[in-house]
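**Q** Please read through the structure below; I'll follow up with questions.
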Amino acid sequence: MRAVFETWGTALAGLAVVLFFVVAAPNFASPTNLLNIVKETSFLAILALGFTLALITAELDLSIADVASLAAVVTGFLIHGGHPPALAVAAGLGVGLLCGLVNGVSVTRLRVPALIATLGMAAMARGLGFMLTEGVSFVGRWPTGFTGLARASVWGIPALVLWMAGAAAIALVLVKATRTGARMTATGEAEEAARLSGIATARMKRIGLALSGLAAGLTAVLLTASLSSAAPNMAGDYFLYAIAAVLLGMTMVEPGRANIPGTLIAALTLKVLGNGLVLMGAAYYVQDIVLGFIIIASVAVSASVMRKAPLRL
Amino acid sequence: MTPILSLAGITKRYGGVEALKGVDLDVHQGEILAVCGDNGAGKSTLIRIVSGAHEASGGEMRLHGAPVVFRSPHDALTRGIATIYQDLALAPRLSIAENVFMGAELVRPLLLPFVKMLDRKGMRTAARGYLERLQVPVTDMRRPVERLSGGQRQAVAIARALHWNARLVIMDEPTAALGVKETGLVLDLIRRLKAEGRTVVLISHNMADVVALADRVAILKGGRKVIDRPLKGLDADTLAHMVMTGVDRT
Ligand SMILES: Nc1ncnc2c1ncn2[C@@H]1O[C@H](COP(=O)(O)OP(=O)(O)O)[C@@H](O)[C@H]1O
Ligand SMILES: [Mg+2]
């Protein structure tokens, strides 16, 4: 019983939140609203999946949201200039991946702690985003070949949901079923033991941070396609949400460890919470207060399960 | 016979500290060599160099007579030298199987090029096999090692060395944190390694363990090797005195 509670306790709390809004929030349970929540969750979930992969190697990536904004602006810039969608998509993903690789090199080769390296990257990405746009947004009637990436449906399933499911499936297979995933996990769990067992721990950290950047790039492409626009700082609101999703996810499924299913469940829970609060008429800033509380409480819960600090960053 | 491992004039400086001041040491095939010395004598530094965790500042290392340089633990492992560190060897929250195969996972035929899929079932079966070979009865290979006793954890670390098929196994204070019964278990494990024809270097403060196991003993003091002799004829008290004074008066 206790084990069930430690593994699923916060997930059950999330379910309770959903049920609460079903009863209390007007229109919450309407099919349109529920579908919207799931679609909206995809951006958050994909961004948070990247953060999860970095955190599995015990590195923090505070640049995800600003890198996503930069990648969105680059994608929008190219689409807006009439370039082929394939090029714009590749550029968006490439910007994300490149920023992640730079983070990885800063952390492992230049020995800058991830907290500092990714904070610096965040500032640079934000600055570059404003530089490219000169502070305004790219908005337009963009080709459906591009916007369809986010707005189309396949067999009645919204593309965004498929992207989220695909990204989660790939991340899950990577972490649980591949040799690289096992080595990333070992690196995050016990870096010195992993190194002494012959694992190239620095390379695992570079992979984790690079994938985090790539996930930010994918989030950016989908966000841009979905909104038909790109603006500097357009992913800024996802920063606290993504971190909260990963830390809340750490309290469930594999308590004390960043994990893919936990991140997904937590992302959905947080979106439900945000949506429900809005429907109930809560002011916008309430979300920040709630997220901040969840971030701290989640780590405290993980710490009590592990009986020690879950993060040593 | 050529020593399996031969060190000549090994030095190591940490900034201003000269932890090793020119150590010569031969390790012979099939023996159990105990390396003793007071705190700070340089024992851990010496094994870190042999295991590739640190690079020596000077001196030469030969493996089966041929000069070698280890730039990483991986280099030493692939050359048949496995080191079991007292606290750092295992990832406590990972399972027995994950720990045994850490860094040398079993993989299945490729699904895609570059993607190595884990053979988790194979690893559990093989991990159980290694532990049976060490006569340590643990059944659930999914159990996290933090839930094992100290002796069982040493067995997991030794199983990892078996998986690398290490011909030389180096152990740093393997019984330091253990009670009497668990210590007995670990001493048996070391005897089994020797019975399999493997060579063991045992770093220990516990003179009773050394007397019970070692064929030969080397004593370090202040970064130098001061004594190197067969164990024969030594008891624990004499040995302790030799470690303290650095003088062989037998
Ligand atoms: N990483 C390090 N940095 C600086 N000095 C060290 C380091 N490791 C060991 N030393 C110093 O080197 C000397 C030998 O230490 P060590 O090899 O740990 O000895 P032992 O294992 O015999 O107790 C000591 O003076 C110790 O303080
Ligand atoms: Mg020591």
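Including glycine, each Cβ sits where the backbone N, Cα and C put it.
Taken from TrEMBL, the feature transmembrane segment covers A:34-56, A:86-105, A:112-132, A:152-175, A:207-226, A:238-256, A:263-283, A:289-306.
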**Q** Can you find at least 3 Cβ pairs under 8 Å between the transmembrane segment (A:86-105) and the transmembrane segment (A:207-226), where each pair is 6 or more residues apart in sequence?
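**A** By the criterion, they touch.
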**Q** Taking a Cβ cut-off under 8 Å, which residues six or more beyond the ends of the transmembrane segment (A:289-306) line up next to it in the same chain?
**A** 6, 9-10, 240-241, 243-244, 247-248, 250-251, 255-256, 270, 273, 277
**Q** Near the transmembrane segment (A:207-226), which same-chain residues lie under 8 Å Cβ to Cβ, leaving out any that are not at least 6 residues past its ends?
**A** 42-43, 46-47, 49-51, 53-57, 59, 61, 63-65, 67-72, 75-76, 79, 88-89, 92-101, 103-104, 107, 114, 118, 142, 146-151, 160, 163, 167, 171, 180, 184, 188, 234-235, 238
